[in-house]
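Colleague: Grabbed the feature section from TrEMBL, which reads as follows:
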- 130: active site, nucleophile (ACT_SITE)
- 196: substrate binding site (BINDING)
- 279-307: compositional bias 'Basic and acidic residues' (COMPBIAS)
- 308-325: compositional bias 'Low complexity' (COMPBIAS)
- 437-458: compositional bias 'Basic and acidic residues' (COMPBIAS)
- 379-550: domain 'Pseudouridine synthase I TruA alpha/beta' (DOMAIN)
- 31-62: region 'Disordered' (REGION)
- 237-329: region 'Disordered' (REGION)
- 430-458: region 'Disordered' (REGION)
């Protein structure tokens, strides 16, 4: 791609740039903009029971339950994950689905009021997502009372069930299809493969020289950052403010905030040793003054003793240095071990990045040769490998660490303009009172705010997007053409993935590019069973579930239908055969939210700024 070429958001680039249609009603509490207060499962009110009877269109509450597979998608921004957590203050996608099924009279009040309603209904999810994470397509299996077809008391109508659910569900949850399945169908057990997508700014794949010299030099991305450099200005030092600089530094180091953890004990012990040496020096000087009137032979004897003592001190110092070196190596190894166990992931990412630096980084454009090299590295993941270094606490000896990856593909780069109407519209749908970021450590969202405060926040976000990623002007005031953020779509298809595996796979490739490692480093080191090391993990914002494969179930269903009478009225679960237009439209909504969050929070830019620091701790790699 030419550096001056801007990819338009047209139908020709839908696979790379899915933002070419207007986004409506995405990630909003309801179509009216106000949360509808509906009791959660287990707390159904009498008024709602009456409403359910009306919405049920006089259907009998004693209809038989049937096993179905519900293919649906959701924008996870307003939810604390997919799985129901039984906590009304922390909404989940499954809670909304349960509420909708009850309101449409597909779940009886007796079952809905039970605490273990999901077990009662044989509820199973194909793949679980965390808070703030989206899913283009996901599947649950559940026993529900399908509505009867019009004019019948025996035949059920799945299309009517889909219509009823669509009416009561919020607009950030979509139901694509409801499929009758066999009683033994289990969405989790029958799912044979999963596909995830990650939208990545191309500057994350810059070369070693570009990272170290052009975009992230040491003065911008230090390997040993301070509190101020990582943006933790809110951390207030406790008492003893009158202590000298050395003692204050030691105190902060002991808290594990100002400097990396593996240095804290080392530095504090060094300070104690310096204090002890100063006391010994003063004592020796006093002893020397007391011996000034001694005889010559005593001076000679003292001189010999001093020489002997100096030799002894030198030997002790050498031993101490060796011990310190060994201890330092042990601390470094311990740090790598702790990083591998996921203890440092959250605390190492920079909270800020200078605007001028981010503006310069956002102008980065990936060359064709560089793109092909990145694709070659990602292809090293294909096949069966041990991913013990790609999940917290993974062990090479654990058979579950071996995973089979079918394919990893990287799309052609496309440029997203922050001034595009689809991007700006997502800001109008954002509300801080119901927004859960997958990269935010805080689970509780912000308190309710009035409309003026929310609009002011949106305006600040809009101005930041346009200021950093928008139009750029030359010295003569002319607008430069290559504006916006260049992004690629990474698609990973495999049987199953471990916790944090995908984010660490992408983080490994990005860090290899910055460190100048060859593609063979991935297979010979990170995927090597004999090597245990930490692996950098990219932010969760760009990741979402895209596709699920049920080929094994479909094959078995076809066989039993052909050989016997079972499963005659059942259908195969083909996730890729749902309404293509609905999937494309919902994809645009998800990607718009993902890229909006990227531009508002400079997420990948802050992560790249942290990379020199992370590589030193995780892999013992020192970047110049």
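Glycine residues also receive a Cβ, built from the backbone N, Cα and C atoms like all the rest.
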Colleague: Under 8 Å Cβ-Cβ from the residue listed as 'substrate binding site', six or more apart in the same chain: what's there?
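Modeller: In sequence order, 491, 492, 497, 502, 543, 544, 545, 546 meet the Cβ cut-off.
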Colleague: Could you check what DSSP calls the residue listed as 'substrate binding site' once collapsed to helix, strand or coil?
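Modeller: Looking at the DSSP assignment, the residue listed as 'substrate binding site' belongs to a strand.
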Colleague: Tell me, what is the mean pLDDT of the domain 'Pseudouridine synthase I TruA alpha/beta' (379-550)?
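Modeller: Summing pLDDT over the domain 'Pseudouridine synthase I TruA alpha/beta' (379-550) and dividing by its length gives 87.
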Colleague: Taking the Cβ of residue 130 (active site, nucleophile) as the centre, count every other Cβ atom within 10 Å, in any protein chain shown.
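Modeller: Step by step: centre on the Cβ of residue 130 (active site, nucleophile), count other Cβ atoms within 10 Å, giving 16.
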